[in-house]
Protein chains: 4
Amino acid sequence: MQQYIPDFNSWGKPKHECGICGIFGHEDAAKLTYFGLYALQHRGQESAGIVAGNGERIAIHKDMGLVPEVFSERILQRLSGHLAVGHVRYSTTGESNIINTQPFMVTHKGEPLVVAHNGNLVNSIDLRRHLEAKGSIFQTTMDSEIVLHLLARTMEMGIERAIKESFACIRGAYSLLLMTRDTMIAVRDPNGFRPLCLGRLDNGGWVVASETCALDLIEARYERDIEPGEVVVIDKDGPRSIFPWPPHRKSFCIFEHVYFARPDSDVFGINVYQTRKRMGEILAREAKIEADFVMPFPDSGNYAAIGYSQASGIPLEMGMIRNHYVGRTFIQPTQSMRDFSVRVKLNPVRHLLKDKRVIIVEDSIIRGTTGRSRIRSLRNVGAREIHMLVSCPPTAHACYYGIDFPSSSELIAATHSIEGIRDYLGLDSLSYLSLDGMVEATGLDRNSFCLACFDGKYPISPDKSFNKDALGGCGC
Amino acid sequence: MQQYIPDFNSWGKPKHECGICGIFGHEDAAKLTYFGLYALQHRGQESAGIVAGNGERIAIHKDMGLVPEVFSERILQRLSGHLAVGHVRYSTTGESNIINTQPFMVTHKGEPLVVAHNGNLVNSIDLRRHLEAKGSIFQTTMDSEIVLHLLARTMEMGIERAIKESFACIRGAYSLLLMTRDTMIAVRDPNGFRPLCLGRLDNGGWVVASETCALDLIEARYERDIEPGEVVVIDKDGPRSIFPWPPHRKSFCIFEHVYFARPDSDVFGINVYQTRKRMGEILAREAKIEADFVMPFPDSGNYAAIGYSQASGIPLEMGMIRNHYVGRTFIQPTQSMRDFSVRVKLNPVRHLLKDKRVIIVEDSIIRGTTGRSRIRSLRNVGAREIHMLVSCPPTAHACYYGIDFPSSSELIAATHSIEGIRDYLGLDSLSYLSLDGMVEATGLDRNSFCLACFDGKYPISPDKSFNKDALGGCGC
Amino acid sequence: MQQYIPDFNSWGKPKHECGICGIFGHEDAAKLTYFGLYALQHRGQESAGIVAGNGERIAIHKDMGLVPEVFSERILQRLSGHLAVGHVRYSTTGESNIINTQPFMVTHKGEPLVVAHNGNLVNSIDLRRHLEAKGSIFQTTMDSEIVLHLLARTMEMGIERAIKESFACIRGAYSLLLMTRDTMIAVRDPNGFRPLCLGRLDNGGWVVASETCALDLIEARYERDIEPGEVVVIDKDGPRSIFPWPPHRKSFCIFEHVYFARPDSDVFGINVYQTRKRMGEILAREAKIEADFVMPFPDSGNYAAIGYSQASGIPLEMGMIRNHYVGRTFIQPTQSMRDFSVRVKLNPVRHLLKDKRVIIVEDSIIRGTTGRSRIRSLRNVGAREIHMLVSCPPTAHACYYGIDFPSSSELIAATHSIEGIRDYLGLDSLSYLSLDGMVEATGLDRNSFCLACFDGKYPISPDKSFNKDALGGCGC
Amino acid sequence: MQQYIPDFNSWGKPKHECGICGIFGHEDAAKLTYFGLYALQHRGQESAGIVAGNGERIAIHKDMGLVPEVFSERILQRLSGHLAVGHVRYSTTGESNIINTQPFMVTHKGEPLVVAHNGNLVNSIDLRRHLEAKGSIFQTTMDSEIVLHLLARTMEMGIERAIKESFACIRGAYSLLLMTRDTMIAVRDPNGFRPLCLGRLDNGGWVVASETCALDLIEARYERDIEPGEVVVIDKDGPRSIFPWPPHRKSFCIFEHVYFARPDSDVFGINVYQTRKRMGEILAREAKIEADFVMPFPDSGNYAAIGYSQASGIPLEMGMIRNHYVGRTFIQPTQSMRDFSVRVKLNPVRHLLKDKRVIIVEDSIIRGTTGRSRIRSLRNVGAREIHMLVSCPPTAHACYYGIDFPSSSELIAATHSIEGIRDYLGLDSLSYLSLDGMVEATGLDRNSFCLACFDGKYPISPDKSFNKDALGGCGC
């Protein structure tokens, strides 16, 4: 058991989520899963794990750390077999907790049952109470353990029926992979909060992954998204699709497009790079500003900044340079180094900024603390005017479906007016993309999305009793 | 980075011996537990763990490795509180398995429940089947998980009643510590197979430990043994003793005295050093041999060899010298190094042995492979006659109560006559202590002991269905 | 556990680029040096080291690895004092070699003498032979050891005179820091091949560093560049400048601007970002191409690509996305993953590239192997036309002054025509920036630069005997 | 570079010394050297290193740590060749210092020159000054570096002549191995302070080692000791013996027999076990005491205690039990654990000691601190009378020849009378073996030994200027 140490790369942004990847039908299933997780590392940097099997034997390895830290060639060799399921995870506790790593594996009547889960259940407290009243005991604080308890109690009906019955009790977001001794099963909740896609390997094997960038790295062909409410059972006869529950309204998480997913991924059938670029273009239509140049905070703001620049005609510059070697540093700066927390990651280019009017295009503002420091550091090298454009509306509401926003009290847009935020950040002006503009950029219908973090309309009402701190088990 | 790759096919291999230690009522409870485990390291070298609490918060740390490898000063500081329970464990699989480390902690209705267990249940398969039929799922292969499932199902009656009911279902050997948020509970099975003692700290706090050597290191005063069938509940009001089950016949494990416990410990109320020395004395009465000197294989044979030497008048020498720095070496010797496996640990003193008639006093012979190599290495330096005296009778029967004997087929005394063993080992003569002599050395009544590994009379009949390989979870 | 296995047959392989940083007059000198090295990590990733002193005691710590891997808070605390010198190093051998790490410290007549060196001597073989004839012995393959031997033999004249005499024997590139018990001395060779700058801390202390980005991170004020041929002695009386040798023609390494330095640094008095952007602008003047968009290989090509896009009016896109979590992976891909070596670092954005005509602006082409894979990976996602513009002329000549180019036979421009390179890379067209255009972009006079890697005119002729493989110690 | 952390095993005893082992003429030379060092680990636990060569290539690996920590199978495979030289080292600085690890390798005119040294020079300050005046620079504080400087300056005469000339300047103790590209050379100083022996492998290869226990482990046959003043050159023609210097009086270190060497080794041609046992026998003749039993502090006192018991007729017991798992613990005990420093290593057997009169036979008393704690801990469990017999005379004088005694001011026998020591230790009585008795036990002539630590008569006068703290280079 090892301790998790936060790194500078994730300061101030919504951390977390999870990423999942599974392979069926390739002799190097664990290795392909490893690379799939490698491509999904941005979805979770706290722990990583893979379960692999050959239809008889099953083996697991998981630990705290990044994917390449957790696995070695030797370990992957021991994870032999044609079937593998992997998981990367970020959790908010700050407390190391190897017990909460995934995939999560139990045995029931001599049979292994594995889950790897991305998302968040909203009725986990009730479910847990209910299960404990029936005698269940819990070792972890993860939703996933609840899923396995429910399945175990219904497994005698067969796995498909067990899934139908078990998930009928569950409310919330879950894109997950189940694995038995010889079968891999992908389940996406009826709202489809989190993405999940199906791909095909050249040798005929199958891949399920959170994002298409995982398919790209292992050179799998994208087949299609797993549908909301769909269960795909993959065994030696190939994939078999079932829809055990009545259809719901779709609730795709728009924040995947705003910030979370990789720009080279297609998410909900749309390329993320292009959505972000269009967000910048629409921003240029909605917010006209005079400036010498437009710049992103690299890399997350790059794509909307490009869109803004092209649509507005204002030239793009990279006003801050990333230190490519920034990692997990534990050395405290000296007192004199006031801008350290910014500069260790992004250093302003003095000659570019001095006496200039600049527009920063930023993907989102969560707490505002990081942005504030960066603005100050730009002022310190002589920027004359600093305007900020945000390529989404103000994020004023907590997420109960698997993105680790801070609680509302820490969301700056929940407690401050736009003018108040502008003042806090030290900007000359601040504008946000409209909700309509953001949806328009995706090209999909507004009703396809969960927009709750922006408009507070929750597709599934969170438990009245919902209280993140009290919940001994939210997890993802 | 820790790795756990449970092998479903190796599940159920006898895991053996453990050591437990718990502290109630000292501000440095975790640190004292650490040192208690340090003194008990000989009882288990595979993994170590400590759970500590302050009546409100509870924290756990456990990992594969020796006690000083698993814990650091910093980790112990985080295990704060006046209450702590620790465990060291040995398993024979050779497979690391962090999931099977102890103490084992779950939550039930928001309350933590912890177990640290030394021993082995004989009806765990039945119990597990029964619990799975009721919906329980299992993550480990340990008996301890069964204990917690049983307790969880009865906890609403209160912990004392829950213990009474739960353990009424359980058959086998268990000296264990339970811990709730504010209470430590010691439980010893009605037969009292494994030792467990109670001690007192200078500041008024309480200690429970497998052996008294743990009390010595932390300078606690030995109070008394926990009785067979006794439950001692220790909370802020001090210890409270209950005997929930009808009395059984005692079945103290005599092998603790023969080999397993530390010679400086008192076990079952008797000092182990003195028992072993008396075994040597009685051997001298039973087996008279002419020789130039008597020698042990250090250090386990030292005490019986001293007894033999004093009673027989034959001088004692240390014919083989331990390499104090021998550790875990993974370097294979070269082909020419035929005696490597012996000499890396024990090197014969050539000048002492050349042309001499020697008696080796050995504590026990299990498989005989190590002894055979050692005898050959003594021959190679010129010993003229080599006689061996064993300070217990032939060990011909498996143990189902927590000592990791190999299966009967691997016990050399189960498959060979004494003459056959002598021949295999390459000895001039071989004699064993009689069963009566061994019991006499302890000073206790023969009926106090489980002698099953010597006489095959099992105090609790192992399950008819008992099959070590099939058992999906025996644990220690 | 560190390993150093020098291979006598590989001695003398060109070791390349280093970064140096020193602090005089700040109580946290070692910590500031640490952060300075952190900012200079791009100049060397193989090893790192810091020597620190308080005028009396002196301490050193150095090891293989990145700066944050080599140092901890605890180690920095032990490196106490107001004076510190640090070094980061890259070598190409792939062989770790802790003996060759820097700073390099010896004692002479009880006094410590330290060197941290960036550059490469061209007469090191002769010097070494000469010194060995006089009885010197060598432990490393570094030029720096030669420097110390020369200094030791003249130190009785006083350090300033010793520097004058010693460096008079030395030919080549050296920007270096020397340190005695109470003094820090910066030396830049008379040609000024490698950069070196002087900065000032708020508290009055002094900084010397390879690039200004190190000053930025520790919030030091840039004072001026150390001049070619200048020696700056910094002690309690502040800095004192001497010019011990007759003036030479300047020979600034233009490759620092082309590729090596960080874009946020000012090098030779000019901002690197702006030079690179102007290179792109001049490319647009020199090479006109029709295309749908222009893209860099991020991040090194970003700045010239921006310049090209702005000057040509062709929009900029980020056609390949960096995996931010790519690290040192040792896992071999499976056979089916043909584009792995590209995609693990840069993944093409399929939707952006499909059926498009694209221009790639690249900073330089050395071997061409990486570029070739990247082009193929762009073709694989459907790019219709791929043109490449390189923001410098063909690099056809080896560097003897501290940049680790491969030998001429591996430089693709030394063995292929431009058409041949285009064909090898699989491009539709390929153009290079002219030598004049490259120099123009810097705004400095052509005579200020060493352009040898482009035009083969070496400012200091390498030894006739110069033979990289025979050289028993070039180092950096 | 890593930090050295002292461990509990070496409290209070003279630490240090070094051990050396070399192999010529076996394809697994490095592996055999590894096992040789493994057997010599008691001679130095701070660092370990091996240089290996095949006549052309040469490779080195060394690091802080125990032998099995420093080497892995993979590393040994890379140390290929038929020729290898290894070293284990303990140093007194307390400061980690990988630079000071051995073997020490330099190149001179393209040729490698390696030294591995056990001993201590007494004129190293003068030599160093002399060499520095001639321009030599030093990187380490080791005598061995001086040896290499001297050799380098004379190598042109050929290695044998160079050895003759170089060592003619050197005064002190040196048993060392030199290695060139294709030759191994053993050198023992004319006094023969430290042991060095020659052995033969079954395949015809040759071994040189500090003690015969290294030969035993690798199953080499002991041939003979290297003589005082002898140089043995081993190359493809086998060993060739030369005696370059006029004969001296022998000065074998008797402390090797008293404490330092392993009891299973033959040192100076005599078995150490038997010497120690005879010391106990002679003690019984010199010091008669009434007691219930005699006991050692295991294991170093075991052999003299056996001798004493047999000669006196007083029975032997093991009154304190070693914790076999004691290692390097960094956890501080709690305040209440007053006897911790003793009990963590040796726990008294209460039942044995209570109300008894005991004689402790101890090999030597250096500072007395450890002994004092142990006596107190025996009192605490109820020993009635405690007498101590020491199997050597009082050690009242510093060692300048390679054993790390504390300075005289810390040697308790230098500052206290025997009565004063008895009082300090808390004993009922204390007697030492006489000088004559000690020498008699070895069976050799008194003139064969250096007895300086006992009688203050130094065979080679240490420098007037000798001051351990000022000496920038004592090493071993």
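Using N, Cα and C of the backbone, Cβ positions are placed for all residues, glycine too.
According to TrEMBL:
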ACT_SITE  B:Cys18  active site, nucleophile
DOMAIN    B:18-237  domain 'Glutamine amidotransferase type-2'
BINDING   B:Cys253, B:Cys399, B:Cys450, B:Cys453  [4Fe-4S] cluster binding site
Remaining residues near the recorded [4Fe-4S] cluster site, that is with C-beta within 8 Å of the centroid of the site residues B:Cys253, B:Cys399, B:Cys450, B:Cys453: B:Phe193, B:Ile254, B:Phe255, B:Tyr401, B:Ile403, B:Leu451, B:Ala452
Between B:Cys399 ([4Fe-4S] cluster binding site) and the residue listed as 'active site, nucleophile', the C-alpha gap once rounded to whole angstrom: 15
Where B:Cys399 ([4Fe-4S] cluster binding site) falls in three-state DSSP terms: coil
Cα distance (Å, whole number) from B:Cys18 (active site, nucleophile) to B:Cys253 ([4Fe-4S] cluster binding site): 14
Least Cβ-crowded entry, counting other Cβ within 10 Å, from the recorded positions listed as B:Cys18, B:Cys253, B:Cys399: B:Cys399
Spatial separation of B:Cys18 (active site, nucleophile) from B:Cys453 ([4Fe-4S] cluster binding site) - C-alpha basis, Å: 18
Model confidence over the domain 'Glutamine amidotransferase type-2' (B:18-237) (mean pLDDT, whole number): 91
Set of same-chain residues at least 6 away whose C-beta sits under 8 angstroms from B:Cys450 ([4Fe-4S] cluster binding site): B:Asn191, B:Phe193, B:Ser251, B:Phe252, B:Cys253, B:Ile254, B:Tyr401, B:Tyr458, B:Pro459
Helix, strand or coil at B:Cys253 ([4Fe-4S] cluster binding site) [DSSP, three-state]: strand
Other CB atoms within 10 A, centred on B:Cys453 ([4Fe-4S] cluster binding site): 27
